[in-house]
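Listed in TrEMBL for this protein:
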type	residues	note
BINDING	Gln9, Pro10, Ser11, Gly17, Asn18, Gly145, Asp146, Asp147, Val184, Lys193, Met194, Ser195, Lys196, Ser197	ATP binding site
BINDING	Asp133	L-tryptophan binding site
MOTIF	10-18	motif ''HIGH' region'
MOTIF	193-197	motif ''KMSKS' region'
Amino acid sequence: MSIIFSGIQPSGNLTLGNYLGALRNFAKVQDGNECYYCVVNQHAITVPQDPQMLHARTRQLAAIYLAAGLDPDQSTLFVQSEVPEHVQLGWIMTTLSYVGELERMTQYKDKAAKRGDSIPAGLLTYPPLMAADILLYQTELVPVGDDQKQHMEITRDLAQRFNRLYGEVFTIPDILLAHDGTRVMSLQEPTKKMSKSDENQTATIYLLDEPKDIEKKIKRAQTDSENAVRYDVKAKPGISNLMDIYAAVTDQSHEEIEAAYAGKGYGSFKKDVADAVISVLEPIQQRYAALVATPELDDVLTKGAAKAHAKAAATYENVIRAMGLYR
Ligand code: TYM
């Protein structure tokens, strides 16, 4: 049995990237493990959020977790801001972090570049809060997409730094990548990852997109003029991205896909990619619609916060004892 933790920010509508890179695996690993899945709303406020939107998206994300197969009897599902130890340990992790190592994070550099002269300090101190999320539960495995590798490395560094200074309090967590390591790219700029904060809506497939929109977006996805379904990320990033998506949703290899579409053009391939994506997302959308406005969802989150809090408080107590941070 392993302890597993992961989180998603309610900072925009979830994308196919979030699903294939992370969310899909949350349900797969829950059997026989102790799992914690969090709506990390305090991470979301590292960039400005509209209060009503943030509130609505927090609830929507929790419903999507359940719709994607999380079983509240097996996994603990909760909202970060309802367990105060996250920011408490986050502060301690901030004091253990070096400005230089935080400034080297690519996610920080990307997000800071969009903020001109007014870079919120929370963007810089995002990784120590993420480390706190993970370390509070004595987590062993963290299922995330490969864009989170750097954040996982700093989490391990901070845990080791703390243990060296104050004694063995934290378990050192490992990253758990999806077996196919899918990084879903933008449909319009396939050298850039698909992101919930992309302003170009045609570049992104959202989990709750209508089937006709999914079809339209995939049909318009950037490809090349060769018209041959062949995997080559460098020379053909657009078609390779569609092949990655198709491989992930149909469980086929690139070779199998190339063989099946030999001599056929992009039109028929794109149609099949769209159908396959729709058939995976439609059942999730139906479960989501049935759940999002129910009191059962609140019940799951209230119980989840209590369970998470019990575990987090025990670790936090060990932390403040080890540091002398008590009266
Ligand atoms: P967030 O909300 O940006 O993304 C949630 C998860 O989706 C994965 N992901 C992708 N995977 C494949 N292709 C893509 N295009 C793609 N876009 C996003 C991310 O890797 C992630 O697993 N820092 C985290 C949130 C977080 C967290 C944590 C995660 C805060 N505390 C503790 C794990 C443990 C993030 O930015 O997720």
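Placed from the backbone N, Cα and C atoms, the Cβ positions cover glycine too.
Feature annotations (TrEMBL) mapped to structure.
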residue : record                    : CB count, 10 Å
Gln9    : ATP binding site          : 25
Ser11   : ATP binding site          : 21
Asn18   : ATP binding site          : 24
Asp133  : L-tryptophan binding site : 28
Asp146  : ATP binding site          : 15
Val184  : ATP binding site          : 23
Met194  : ATP binding site          : 25
Lys196  : ATP binding site          : 18
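Long-range neighbours of the motif ''HIGH' region' (10-18) within the same chain, counting only residues 6 or more positions beyond its ends whose Cβ lies under 8 Å from a Cβ of the stretch, are 39-41, 43-44, 47, 49, 54, 57-58, 60-61, 64, 145, 183-184, 193-197, 204-208, 245, 277, 281.
For the motif ''HIGH' region' (10-18), the model's pLDDT averages out at 95. Among the binding-site residues listed (Gln9, Asn18, Asp133, Asp146, Val184, Met194), Gln9, Asn18, Asp133, Val184, Met194 have a CB atom closer than 6 Å to some atom of ligand 1, in sequence order.
Residues of the motif ''HIGH' region' (10-18) grouped by DSSP class, helix first, strand second and coil last, total 3 helix, 1 strand, 5 coil. For the ATP site, whose binding residues are given in the record as Gln9, Pro10, Ser11, Gly17, Asn18, Gly145, Asp146, Asp147, Val184, Lys193, Met194, Ser195, Lys196, Ser197, the maximum C-alpha distance rounds to 19 Å. Straight-line distance linking the Cα atoms of Asn18 (ATP binding site) and Asp133 (L-tryptophan binding site), rounded to a whole number, equals 19 Å. In the three-state DSSP assignment, the secondary structure recorded for Asp146 (ATP binding site) is helix. Remark: secondary structure over the motif ''KMSKS' region' (193-197) totals 0 helix, 1 strand, 4 coil, with classes taken from DSSP.
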